[in-house]
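Quick notes on the structure that follows.
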Amino acid sequence: MDHMVSVVAQGEDIFGVAAVTTNIVEQARERHGTDPVVATALGRLMTGALLMSTTLKEPEHRIVLQIKSRGPVQRLVVEADGAARVRGYPEVPVVDTVSVPSRGVKLDVGGMVGPGVLHVVKEVGLNEPITGTIALVSGEIGEDLATYLLQSEQIPSAVSLGVFAHPGKMISEAGGFLIQFHATLEEDVIEHVERSLANTPSVTEMIQEGCQPLDMLQRALGGMAMNVVRTVTPQWYCPCSRDRVMEMLIAMGEEELRQLMEEEEVTRITCDYCVTEYLFQRSELQALLYEAKTD
């Protein structure tokens, strides 16, 4: 079962969160039919969004991460909320039909993502969302998220993300951890954590060994005393529904609705995130057109 744990250490000068997200990442792979490289990139971004969502104050608050690149992957979009629910989709599900995942051989995720930007949007109940954009550092996702946190939010952070796509295409391990340091933390403590991080195995190796999120944090922090502040089961969740799609169609306006009615007897709308397809007969669009006129 997927699992996420948040901790504090050194008073509250260190915040850590780790997650096992194997089931969620496998759901995304299955829904979108991704190849191992895209499954790995999307899984890392989804896991990173979940880790970052732990700082959201309310369940309805959300964070959206979007990578736009000039590499074959092109675009990945992920959103997570304060209730540890996440969804995501790739613009291009299949980019690499050659590479075969194997233990000890790292897929070239950074090369397939390529140069580009990371956009971050936080909706936290303010009048306007909080936004930030950085150039991708490596395209490996973890390093890019750590760079965003330092440059845009001034929070020194270590982010480690891992996904292993089995040669049979199923996701066998996925997860990650995030460590953040308060500015008042003493230098010798920072050096201790940095040494621990340098000697910490990869996330997929730890999960394969049977490590749970708390085990990963203990390794990353070098056995430092920690206090658990939150334990949660993250979930794949998409709030799309037929009613929401109908509202979207009405919001399109009369002209676009008429165009849809003229093109097909049955209009098909597919959710980018969960790939659920919604069908609307021409007569149903006619009723929506009437609503659009009266609004």
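Using the three backbone atoms N, Cα and C, a Cβ is placed for every residue, glycine included.
According to its DSSP assignment, Cys240 (disulfide bond) is coil. Within 10 Å of the C-beta atom of Cys240 (disulfide bond) sit 18 other C-beta atoms, taking all shown protein chains into account. What TrEMBL lists as disulfide bond is Cys238-Cys240 (among others).
In the three-state DSSP assignment, the secondary structure recorded for Cys274 (disulfide bond) is coil. Annotated disulfide bond per TrEMBL: Cys271-Cys274 (among others), in sequence order.
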Tertiary neighbours of Cys238 (disulfide bond) (same chain, Cβ under 8 Å, six or more apart): Arg87, Cys271, Tyr273, Cys274, Thr276
